[in-house]
Amino acid sequence: MTLLSGKQYIDRLDQMNNDVWVAGERVRGKISAHPAFKGILNTKAHIYNMYLDKEYKAKLTYSNNGIDQKISFQIPKTIKDLQKRRQATQLIARTNGGTIGRSPDYIHTAIMTLSQSKSFFDTRFQKNLNSALERAIENDLSYTHSFVNPQTNRSTHYTEYLHDLKEGEIIAARMLHETEEGIIIHGARLLATQGGITDEILVLPAASTIMEPWYAFAFTIPSNTKGVRFYCREPYSTSTNNNLFNYPLSSRFDEIDTVVIFDHVLIPWERIFFYNDCKRAKTVFQQTDLNMMLLFQAVSRQIIKTEFLLGISESLASSIAITQYQHIQEKISEIIVTLEIMKALLYRAEQNASPNAYGMMVPLATPLMSASTFYQKMYPKLTDFLHQIGASGLISLPIEADFELDPTLSLEHYLRTQTLDGKRKVQLSRLAWDLTMSAFGSRQTQYERYFFGDPIRLASALYQAYPKEPFTDHIHHFLKE
């Protein structure tokens, strides 16, 4: 099979009958027909089709023994391989303005990285890593993932980590016991983006500091595994806001975030990467370079998102003839500076990549960590710039139906600008609004603000990882002169 068409992906997902709940009701029938999922699934189907399209195929796939496979599954051995990965990620991201943070290539990268790093894992489970990658490639699987526990107690030591909890007291997903078939997992996990609309779910440890053995596990299982249930947040795409003019982003790119409940779920031995293993749970992201490979994908996407923001900002400013004002130029210049800094950091990481212990070419860590930390701070500022450029024009926004009113009340006339007719001006403004002010847009800002973790913790990690000795040594010698 190897490369699925969009229709094949949708048909397979419809047949899985995943246990998905929206607004207090379980989704019945074809999930692709549900208003909350129709837009994002059509978008994902388009992404699947891109890999088969002659226009894009050479940029998105590579040949493995004569078989076309997705570049996201290719083990990078050279800097050129990394360049191809980046270009493929950005090609996909341009179809959605970088607003889909969990396009299929994101977790494909994780599965590839973990498989290539199989010697990091216990010998009992190394074959499972190989099988996971082979299965993903052969069936062209899509994944959701969860790396986060519920926010029950974020103090130094989670109270729910007590070993002697009764089953009714368990909150964070944990291992209950072993059986001949595998391990039993019970409890909840957070933030499974696209939960319920993928083939499988990847679960990795939720903490890197405090860890008890019954929480130290990693595995993949099908999304329709018995006992797995996905509870969706309120959708941004519904039957009443699926109009492309009114909701150009929400209607197509709402990924849906879910809480995953594991109700005494059996994880077969052949699906486990490790369990009851605190050491590997604490170091899996760092020792396999999974964190850097995922950051490489993410920063590549964020660059496209910044280009999208720049394009909207300049288009909006030009439409109302305010680009000559210095305060507008200053705001748009900050977007440009952000874009160029992100591109420079990614380029440095890419060009200074080196092979790791598992034979995989890995981008230089500190530029990627710097880019991630920088973008967490800058993205909310960039959206604020767009708010100030659009000003009240982002508030008094008609919808498409308003342009079909009596011609004597024509909004076309009253809302036109020197360069755009009234309807096109409103369409542009609604794009800016949907990216930064709608429920979808607010989620985008929060998503980027906390992408890859708490900003303070990530800044601390950068401080600890950065080689500061050459600079302090220079000061020491300077003072001795």
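Cβ atoms are placed via backbone N, Cα and C, with glycine included.
Per TrEMBL, the feature FAD binding site maps to Gln151, Thr152, Asn153, Arg154, Thr193, Asp454, Pro455, Ile456, Arg457. Residues or ranges marked as domain 'HpaB/PvcC/4-BUDH N-terminal' by TrEMBL: 6-273. As annotated by TrEMBL, domain 'HpaB/PvcC/4-BUDH C-terminal' applies to 282-479.
What TrEMBL annotates, mapped onto the structure for a quick look.
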| residue | record | DSSP (3 states) |
| --- | --- | --- |
| Gln151 | FAD binding site | coil |
| Thr193 | FAD binding site | coil |
| Pro455 | FAD binding site | helix |
Cβ neighbours of Pro455 (FAD binding site) where a neighbour is any other Cβ within 10 Å: 15
Integer mean pLDDT for the domain 'HpaB/PvcC/4-BUDH C-terminal' (282-479): 96
Cβ neighbour count within 10 Å of Gln151 (FAD binding site): 8
Cβ-based isolation winner (fewest other Cβ atoms within 10 Å) among the binding-site residues Thr193, Arg457: Arg457
